Amino acid sequence: MNLVLMGLPGAGKGTQGERIVEDYGIPHISTGDMFRAAMKEETPLGLEAKSYIDKGELVPDEVTIGIVKERLGKDDCERGFLLDGFPRTVAQAEALEEILEEYGKPIDYVINIEVDKDVLMERLTGRRICSVCGTTYHLVFNPPKTPGICDKDGGELYQRADDNEETVSKRLEVNMKQTQPLLDFYSEKGYLANVNGQQDIQDVYADVKDLLGGLKK
């Protein structure tokens, strides 16, 4: 079962990804985890990636793609994988196609969790964090018992600077522009499966399981 998971910030990718890997026994592979592992193991590509990251620069595609190729060639990917955060561009998607063709592991589905922008705005701007213990709340989905106060220690709750409406709106616009060509690419390939992410978490996952039902575990 070879899957790519897509969705805008706040769509619930992390939650659905955790459930998929738990139920189907495949590794959850994120770009960040791959970079960290390659740097920790001090592979040639990992060291090259580190040299860019240490300078605050973007890691070039050829290095990222090389790290992805190494990761997908490991034994735990024999029965499949869930890729999260890669690919981000059509060029990366084309490179991934070549890697998977070489390994004989074609993509089964690209699962895109769809959520309207106004719903994402509500989800992302409603987050509040305790200034003392760091516990995260949400004004709509997980509010504190007393507004503005942490249930655990009475600490004052604050909103992160990058959770304000203007910043979140800009971030979503950038993500939407970057993601659309990728969705078009996978739609043309016949891999794309859109899932309604505006339902309850359990209902979203029920739709994901229905989609994956025809695939071997």
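Glycine is treated like the rest: Cβ placed from N, Cα and C.
In this chain, no residue six or more apart from GLY14 (ATP binding site) has a CB-CB distance below 8 Å. Per Swiss-Prot, ATP binding site is recorded for GLY10, ALA11, GLY12, LYS13, GLY14, THR15, ARG127, THR136, TYR137, GLN199, and the stated evidence type is experimental evidence.
With a threshold of 8 Å between CB atoms, the same-chain residues lying at least 6 positions outside the region 'NMP' (30-59) that come near it are 66-68, 70-71, 84-86. Taken from Swiss-Prot, the feature region 'NMP' covers 30-59.
Secondary structure at ARG160 (AMP binding site), as computed by DSSP, is coil. Cβ environment of ARG160 (AMP binding site): ARG127, ILE129 lie under 8 Å away, each six or more residues apart in the same chain. Under the heading AMP binding site, Swiss-Prot lists THR31, ARG36, GLU57, LEU58, VAL59, GLY85, PHE86, PRO87, ARG88, GLN92, ARG160, ARG171, citing experimental evidence as support.
Per Swiss-Prot, region 'LID' is recorded for 126-163. For the region 'LID' (126-163), the predicted model reports an average pLDDT of 94.
The Zn(2+) binding site feature in Swiss-Prot is assigned to CYS130, CYS133, CYS150, ASP153; the stated evidence is experimental evidence. DSSP assigns CYS130 (Zn(2+) binding site) to a strand in the three-state reduction. In the shown protein chains, 20 other C-beta atoms lie within 10 A of the C-beta of CYS130 (Zn(2+) binding site).
Classification of GLY10 (ATP binding site) by DSSP places it in coil, neither helical nor stranded. Sequence-distant contacts (6 or more apart, same chain, Cβ under 8 Å) of GLY10 (ATP binding site) comprise VAL115, LEU120, ARG123, LEU124. Same-chain residues with CB within 8 A of the center of the CYS130, CYS133, CYS150, ASP153 CB atoms, the Zn(2+) site residues themselves not counted, are SER131, VAL132, GLY134, THR135, ASP151, LYS152, GLY154, GLY155.
DSSP assigns ARG88 (AMP binding site) to coil in the three-state reduction, outside any helix or strand. When the binding-site residues VAL59, CYS150 are compared by the number of other CB atoms within 10 angstroms of each CB, VAL59 has the fewest.
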